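The structure appears below as structure tokens.
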Amino acid sequence: MFRRSKNNSYDTSQTKQRFSIKKFKFGAASVLIGLSFLGGVTQGNLNIFEESIVAASTIPGSAATLNTSITKNIQNGNAYIDLYDVKLGKIDPLQLIVLEQGFTAKYVFRQGTKYYGDVSQLQSTGRASLTYNIFGEDGLPHVKTDGQIDIVSVALTIYDSTTLRDKIEEVRTNANDPKWTEESRTEVLTGLDTIKTDIDNNPKTQTDIDSKIVEVNELEKLLVLSVPDKDKYDPTGGETTVPQGTPVSDKEITDLVKIPDGSKGVPTVVGDRPDTNVPGDHKVTVEVTYPDGTKDTVEVTVHVTPKPVPDKDKYDPTGGETTVPQGTPVSDKEITDLVKIPDGSKGVPTVVGDRPDTNVPGDHKVTVEVTYPDGTKDTVEVTVHVTPKPVPDKDKYDPTGGETTVPQGTPVSDKEITDLVKIPDGSKGVPTVVGDRPDTNVPGDHKVTVEVTYPDGTKDTVEVTVHVTPKPVPDKDKYDPTGGETTVPQGTPVSDKEITDLVKIPDGSKGVPTVVGDRPDTNVPGDHKVTVEVTYPDGTKDTVEVTVHVTPKPVPDKDKYDPTGGETTVPQGTPVSDKEITDLVKIPDGSKGVPTVVGDRPDTNVPGDHKVTVEVTYPDGTKDTVEVTVHVTPKPVPDKDKYDPTGGETTVPQGTPVSDKEITDLVKIPDGSKGVPTVVGDRPDTNVPGDHKVTVEVTYPDGTKDTVEVTVHVTPKPVPDKDKYDPTGGETTVPQGTPVSDKEITDLVKIPDGSKGVPTVVGDRPDTNVPGDHKVTVEVTYPDGTKDTVEVTVHVTPKPVPDKDKYDPTGGETTVPQGTPVSDKEITDLVKIPDGSKGVPTVVGDRPDTNVPGDHKVTVEVTYPDGTKDTVEVTVHVTPKPVPDKDKYDPTGGETTVPQGTPVSDKEITDLVKIPDGSKGVPTVVGDRPDTNVPGDHKVTVEVTYPDGTKDTVEVTVHVTPKPVPDKDKYDPTGKAQQVNGKGNKLPATGENATPFFNVAALTIISSVGLLSVSKKKED
């Protein structure tokens, strides 16, 4: 591919383009040349010719050959241009040819009767020609060896791949939808890539492009919808049998699922886990997930077989109870005899809990364990009620002794002591002092024994405590306060509070100190004693002394030492630091004074004497102040500050050169300065009218420099009108087919006021029957004869195309299960409406009856903003409902005959059910099991469960034949009847039944009952 460059000579959109006729002489021949190269066309008075359209390489003597390396655009001597590349700015016509060194070329396109100077003006597909005019190094048209001007025309095919490329991307987007199979997607995408590579690298015609669009449409039809894995494969659930209480893991369940090879389905338990503590069949739902995310559901059956019932769960023994007086022993046998054990259980009771303590009244629970023959055990409780013995009063009641406090020496009577005893209400106990009376002359705690006598003669003993408190000691004898001391500088007053605060008074004494002696005179150095009296709450007092040490006043450092300030001399402008200033201060040895600058710093830019204040601070915080003098001597003035040169000015006509000397001669330098001027700035460009500033530098003997500016006024040459004014072409818009006059065109040209330019149409008039932009060349002639050229654009708007002809909506399709309603919105959402069309879909045809399986076409009308309408069809595929397995298959129950008393298992019953092949139905006994101890026909209900969860019910008949009657039950031998007391009473039976009549009657009754039972069952 190549880039586009601008073709200045033949781009007719350029304003101010001028054409002229020149006669060039080549040897003995003169040739008239037209610079527009529009072969075979007469324009004005220009006779223009054109070379035959052939490959440049076959034109002898031409400086141009076709660039065959660009295979997409040059093949077999012809040129090809894709308007798609033109829109992207990828086409440069000058790169279609290869020129000899130093040669240049200009080009023009011809398509039909139209000529274009720029590739971007190409709009339509079809045949065209591209003509080049070759110029030599001198810029003149190149003349071949045969005397002909070097003009090369190439046959051009213009095509547009834009629609094809859009279609490729549309199909590519569709193919990448996951709903298609990988194989069909790969086939389509590979085909699209092949087509795109072809059009990206090889030249085409518009017919080729249209054929490729058909190819792309055919490729899209190769896309095949993928079948979900769940519809490809048919996993089945298995079954397992475990004893009651045996746990079953998820893995054990999923391992029972049979998943088809190659499906890569992964089973997961999603239903309730089986409770193996409950015997019976447990269905567990397992979900199989395939790689495409679809899922199947199967059922695994866990058969839980019941475990034998232990004796302890068969029988229910109970504990009894008994009542004994307090202290009466109870043996283990007496306890176990109270346990009621069910007959036939053969359980043996044993006391295993604590034996009852019958010394303690109340209910005592005793644990008894009952052990059965199978080793299992039950536990029951026997209750022994122990009734209490009568309790003596002293054990019923709990009197307590009290306490009292009396001052030392205060007597206490027996009544005061017994009044302190608390005797429970209702006990009627009487207290009496029986121990030693307390001696209250002795401080401390005295214990007194008191005896409480109850009405039943029993007695309790308690103690009463008498606390004897000692007489009080005066505070002044209890406590020992001490005086303190303090040190103050001479002249510092000391308050009474400061003195009393120095007295140390024992904690808890509550003593209050008061100064009672002379106050210290702190103006007198030395030790001063001050008497302080401490008064206690009981009014007693103590006296202590406080010492005040008065120290003489010290002399301040600032009065001891005498520092002095120094001086220094510096040149003007030399800075002086604080340290340099403080270093000039003389501070007495040993004073440890520190100098600090506190006054204004000296401005050394100002000559003269500057006083600076320095403060000296001593260790005791006192300060001295001294002055330091800085003498500033003035510095010499440079030449550039002594003198003031000035720049001058001059006026010259445009284009007149000005030398450096002419410029420096304009600088005025003060006499005596000996300054030398030099031009250092840009020299003035006198080709440009206006004021030009030139920088000149003046250098003095001391090396200093000044800078001034010299002004050169350049007066302009007279400007031709065409260069003074800049007319502009306008534009207008007309409907297709509306004629436009020259005046309407020239009226659109904006000519600057005062220019007096006159516009004239000189280019082709616009063909308004052809929609698009038409450029018209207008020439503006000024009074001085100069001319400007501008372009006027006539926009021809095409007749409006109705929206329904612009856009192509398409109907979609959807699949729903039978009976699923489909709303209008769901239907209109399936219509693909082109972006930007703003079309609104509405269902106008019959709504689909989704109760009827099959394909239903629904008409949808798309209404556009301009009111036009399109009609499309949406297809609703209705898939039939699946028939439940129970309606597909018809299992039948069988029958079997067994002797009376022969047990029949569930499996034997379910094996009699005939289940159709392929149904995968599983039979389960759900009705009452047959009692084979009863002869007759027994109906057993069996439920058949199919993979889809639906169920059928059938009946299996079990015929129970009665056992044969043994001879001993058939016959009844009898002895002679015996008479007792002359009456016909029978003797007690000692063996077989006495009368055959009874046996016959009994058999008759039993047979009747049996027949009734069989008859009833048959009716049931």
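Glycine residues also receive a Cβ, built from the backbone N, Cα and C atoms like all the rest.
The following features are taken from Swiss-Prot:
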SIGNAL    1-41  signal peptide
REGION    261-281  region 'Disordered'
COMPBIAS  272-281  compositional bias 'Basic and acidic residues'
COMPBIAS  320-329  compositional bias 'Polar residues'
REGION    342-363  region 'Disordered'
COMPBIAS  354-363  compositional bias 'Basic and acidic residues'
REGION    388-445  region 'Disordered'
COMPBIAS  402-411  compositional bias 'Polar residues'
COMPBIAS  436-445  compositional bias 'Basic and acidic residues'
REGION    470-494  region 'Disordered'
COMPBIAS  484-493  compositional bias 'Polar residues'
REGION    506-527  region 'Disordered'
COMPBIAS  518-527  compositional bias 'Basic and acidic residues'
REGION    552-576  region 'Disordered'
COMPBIAS  566-575  compositional bias 'Polar residues'
REGION    588-610  region 'Disordered'
COMPBIAS  600-610  compositional bias 'Basic and acidic residues'
REGION    634-658  region 'Disordered'
COMPBIAS  648-657  compositional bias 'Polar residues'
REGION    670-692  region 'Disordered'
COMPBIAS  682-692  compositional bias 'Basic and acidic residues'
REGION    716-740  region 'Disordered'
COMPBIAS  730-739  compositional bias 'Polar residues'
COMPBIAS  764-774  compositional bias 'Basic and acidic residues'
REGION    798-822  region 'Disordered'
COMPBIAS  812-821  compositional bias 'Polar residues'
REGION    834-856  region 'Disordered'
COMPBIAS  846-856  compositional bias 'Basic and acidic residues'
COMPBIAS  894-903  compositional bias 'Polar residues'
MOTIF     987-991  motif 'LPXTG sorting signal'
MOD_RES   THR990  pentaglycyl murein peptidoglycan amidated threonine
Spatial neighbours of the region 'Disordered' (342-363) far in sequence, C-beta under 8 Å, 6+ residues away: 311, 314-317, 324, 326-330, 332, 335-336, 369-373, 378-381, 383-389
For the compositional bias 'Basic and acidic residues' (436-445), residues assigned helix / strand / coil by DSSP: 0 helix, 2 strand, 8 coil
Secondary structure composition of the region 'Disordered' (634-658) [DSSP: H/G/I, E/B, coil]: 4 helix, 6 strand, 15 coil
Segment-level pLDDT (mean, integer) for the motif 'LPXTG sorting signal' (987-991): 35
Same-chain residue ranges lying at least 6 outside the region 'Disordered' (834-856) that approach it to Cβ under 8 Å: 803, 806-809, 816, 818-822, 824, 827-828, 862-865, 870-872, 875-880
Distant-in-sequence neighbours of the region 'Disordered' (552-576), which means Cβ under 8 A and at least six residues beyond its ends: 489-491, 525, 584-588, 591, 593, 595, 601-602, 604-607, 614, 616, 618-620, 622-624, 626-635
Which of 320-329, 600-610, 764-774 contacts the compositional bias 'Polar residues' (730-739) most, counting Cβ pairs under 8 Å: 764-774
Non-local residues, at least 6 beyond the ends, that sit with Cβ under 8 Å of the region 'Disordered' (634-658): 571-573, 607, 666-670, 673, 675, 677, 683-684, 686-689, 696, 698, 700-702, 704-706, 708-717
Positions on the same chain near the compositional bias 'Polar residues' (320-329), where near means CB under 8 A and six or more residues out: 338-340, 358-361, 382-389
